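Working notes, beginning with the structure itself.
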Amino acid sequence: MREFSEIIKARDWENQEVTHQHVVQAHAPLHAFHSKQAALDNQASEFQQLLNGQWRFQLFAKPEAVPNHCINIDFDDSAWSDITVPSNWQLQGYDKPIYTNVKYPFADNPPFVPADNPTGVYRLNFTLPTAWKERKNTVIFDGVNSAFHLWCNGIWVGYSQDSRLPAEFDLSCHLQAGDNQLTVMVLRWSDGSYLEDQDMWWLSGIFRDVCLLSKPLISIRDITVSTELDACFNHGSINVVTQLSEQSSQYTAQVQLFDAQLQPVTKLVGAPFGERMIDEKGPANDRAEHKIAVPSPHKWSSESPYLYRVVISLVDNEGQVVDSEAYQVGFRVVEMSNGQLKLNGEALLIRGVNRHEHHPEKGHAISYEDMLVDIKLLKQNNFNAVRTAHYPNHPLWYELCDQYGLYVVDEANLETHGQFPMSRLSNDLSWLNAYMRRMTRMVERDKNHPSIIIWSLGNESGLGHHHHAMYQWTKRRDPTRPVQYEGGGADTAATDIIVPMYARVNKDITLPNAPDVVPKMAIKKWLSMPNEQRPLILCEYAHAMGNSLGSFDKYWQAFREYPRLQGGFIWDWVDQGLTKIDDNGDNYWAYGGDFGDQINDRQFCINGLVFPDRSLHPTVYEAKKAQQFYQFSLVDGDQLKVKIDSENLFIESMDETLCWSVTEAGYVIASGEMELHVTAQSSKILTLLESYPEQKIGCDYFLNIEIVLNKDKPWATKGFVVATEQVALASIAQLTNVPLIESGAPRLSEDKNKITVAGTGSGAEFELEIDKQQGVISQWLVRGENKILQGPKDNFFRAPLDNDIGTSEADCIDPNAWVTQWDTAGIANLVPHCIAIEAVTLARSVLVKVEFGHYVENKLLISSHWQYTINNQGEVQIDVNVNLAKSLSPLPRIGLELILPDSEKPVNWFGRGPHENYPDRILSAHIARHCCSIEEMHTPYIFPSENGLRCDVKDAIVGDLTVSGDFHLAVSRYSQMNIAQAKHVNDLINDHQLYVRLDAFHMGVGGDDSWSPSVHDEFLLNKEHYHYQMILAFN
């Protein structure tokens, strides 16, 4: 027996060569079914017992502070608190969460960790079922962060680290009939923490299930299931390797395959152990092998995830079933062929996302229900793949991916991003075993899942000898799947696929201080390198941090154009915000530094496509549209015909309806629907109208298409929209201005302070006052009521986006970041001066000209020339010319802002929507007549920034204001400066007034990454002169 004092003295958690002690060898998940029927039906096993629930808990400052008697079976823990298992103790009122992206939250001195090492001790009393006593009983911890020692009934059992894979211990010789006691000492930091630097919250504790498993003394120890298909992918076979817990000739393994309705597909086939010769020394007597032919099996894919069920039973010499296991089986073949990744002979297009396991209240302790929400959202938004960034996921995740149809890149729990260089530990021989176990144990646990199509060696650990060893072992252990790894350049000998991060479509990414070094080539260029025949799949791309995902569609144009560009995985799925309550009792989502964690990387954990509660970011719609499985094009001719191309590889569209409409100036003038039948990888031409609708001068015409489900699916209900398209139809342009209504000019008067323009306004008296000192409309009366709180002013500023700020680490600011350039120029501090103002009465209007200069420290940066044309109907046409200093960096926006009284009326507009969109993110936002509440016009990004824009607007109604022209629209109750200064949504101050921002031009948001200027050139405002016009009026 190992004494407690010896354990403390040994400090296994600071020895990289001690990764485990007395841990059971890794294997596929086991359930210990008592019969074949129970295994077939997947009944709850009587030989499994979850130990989740309330445990006794105490947190100590360091392992040395733990009293040695707390491991005793009779220790009185009544003064301790209860804690929920599974959970992270930082979210149960102990210690504090820490977020870092790259740097370690402690001194980088591997394998040593801080002396102040929070240590949680868990205790649980449980009762062993009487029927279990003469069996082999193990306890399985599915996830404990970061390392732990285990005692049973006061006796030390073993030690484990690796937070994301199971640790199983044999308790058979420690258990007693009736009551038993477990004690677990969990350390926050261990040498394993150096391998788990994965751009997420550092959280601790028993955060996955704890389970007791009882097996016969001689039982099934492991099972490997694989499938094969013939060269034509018509007929197949299932291969099953069954391993015994010890060598014996007294048993037979029996295997039978059942279909999705649990009807038998094959006969029951038995095989003895030790039948096949392994080498010249003979067979393995603990191994039985089956290869069973399966004619014309249903094949598994993300589109049609058909699952069989294989039941494996251990039968003794008397014909009695002593142990049974069962697994879901998908018939599919993954291969690399002709420079492409293929499944069942078809080249895949990966519509992928990186996904952290995260819950805003439970941290890393996620439930089946939480996982199911993610699965359905992924399917609904046209994702077909997920990368388990950057660690093996909860075992249930893979079952759901098997069932619902998602391709999985299963990634080892390995990242050393904070090392200098990153490969420091990857070449240190003393760390080899730690690396290898993280790979080998993942493969052994997850090998039977059809959804897993690629193994990954980990993330951002440089490239070292250990990676080559991991790669070679994996290829030999499982030749049925490719292996990928980005480290060392994304195209090394340790990867079967080129898997770069954040490589651009057409532009090489160079190092600032080494312009001749090309660490990331443009993805199109990469394919053309000499002797390069591998496919390219971006393991991370399109950094979705806040208001992002600009120019995302360009990646998808390239993916569809180049067959060896086979998609990628967006970074990432969910904002890793944690729920916190402020002093006013309001909830908000916290990020790095919000818990007093001094070493942190602020909001860099907030880069998901969905909020922590899984409500959607606007960027999701863009991803869904770009990734959709149907493409549309208009067919030339007199009839309204559309060509539909199906990107489904395996299934015909049998459960979908095509709904279409034609709009004139946003109003539907024709519509229809038809059942959609398009075979996989084929096209179909449909005639929607026998002739084009008659056109009116000056109206815009659009064809709008939706593909909707006409029956329920496991992941969505009938009526759900899976694909959309909008096609601009020919229109007759308005060649001349629409003549104004015949009437006289409004009345003009002025004094030394103001210019006043008054008129009848279609029967309603109006009066405008323009302040001569400011050059701005100071009052706009209609029927005696003032309609504005502040008149239109130049607006060149936006509250900085994460992509504008440009940093991935809190202390590493990019001097080329947009916000740095704007701050240097003083854009946020421009001081406007009215240089000249004059007014004149024309035949039917009053013309007011104003000249502005915008200065920083008496230096003129921007001049703007405004011309108000005010007619007797109360309409104000605003023409603006803007001139920029040659030295000025591209501006974030050029337009105007005015302030209106608060209103509960919804905003109506004819333009892109209904969701937020920006000039480089408009693919999913169709032009139509939209209506949203004021609240819906605001996007509550966790780190507040510019938001809520709607592009390409022709006309809009905000409160009593009507606007027409060509502009982008944003409406908010928050000022731009408040948004810019706020760190969280609870810092936003509702001013109970409406800020109406009318942009003629707006810079793109970018999003190829978030730490360098990533807005594409065509979406930069880099001209020296701009002109725009719009018309304002009040009802």
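Each Cβ is built from the backbone N, Cα and C atoms, and glycine gets one as well.
Under the heading substrate binding site, Swiss-Prot lists N101, D199, E460, E540, Y541, A542, H543, N607, W1011, citing sequence analysis as support. In this structure, H543 (substrate binding site) belongs to neither helix nor strand by DSSP; it is coil. Neighbour count (other Cβ atoms within 10 Å of the Cβ, all protein chains): 25 for H543 (substrate binding site).
Within the same chain, residues at least six positions away from H356 (site 'Transition state stabilizer') with a Cβ under 8 Å of its Cβ are M200, A389, D572, W573, V574, Q576. The DSSP secondary structure for H356 (site 'Transition state stabilizer') is coil. The feature site 'Transition state stabilizer' is assigned by Swiss-Prot to H356 (among others).
Sequence-distant contacts (6 or more apart, same chain, Cβ under 8 Å) of H390 (site 'Transition state stabilizer') comprise Q198, D199, E411, N413, L414, E415, G458, N459, E460. As annotated by Swiss-Prot, site 'Transition state stabilizer' applies to H390 (among others).
Other C-beta atoms found within 10 angstroms of the C-beta of E460 (substrate binding site) number 20, with every protein chain shown included. Residues annotated as Mg(2+) 1 binding site in Swiss-Prot, with sequence analysis given as evidence: E415, H417, E460.
Residues annotated as active site, proton donor in Swiss-Prot, with sequence analysis given as evidence: E460.
Taken from Swiss-Prot, the feature active site, nucleophile applies to E540, supported by sequence analysis. The Cβ of E540 (active site, nucleophile) has 24 other Cβ atoms within 10 Å, all protein chains considered.
There are 24 other CB atoms within 10 A of the CB of N600 (Mg(2+) 2 binding site), with all protein chains counted. The feature Mg(2+) 2 binding site is assigned by Swiss-Prot to N600.
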Which listed residue (E415, H417, W1011) has most other Cβ within 10 Å, given these are binding-site residues: E415
Neighbour-count leader, CB within 10 A, binding-site residues: N101, Y541: Y541
Site diameter for substrate, Å, by largest Cα distance between N101, D199, E460, E540, Y541, A542, H543, N607, W1011: 18
Any further residue of that chain within 8 Å (Cβ to the Cβ centroid of E415, H417, E460) of the recorded Mg(2+) 1 site: V102, D197, Q198, D199, H390, T416, G418, M422, G458, N459, S461
H417 (Mg(2+) 1 binding site) and N600 (Mg(2+) 2 binding site), Cα-Cα, nearest whole angstrom: 14
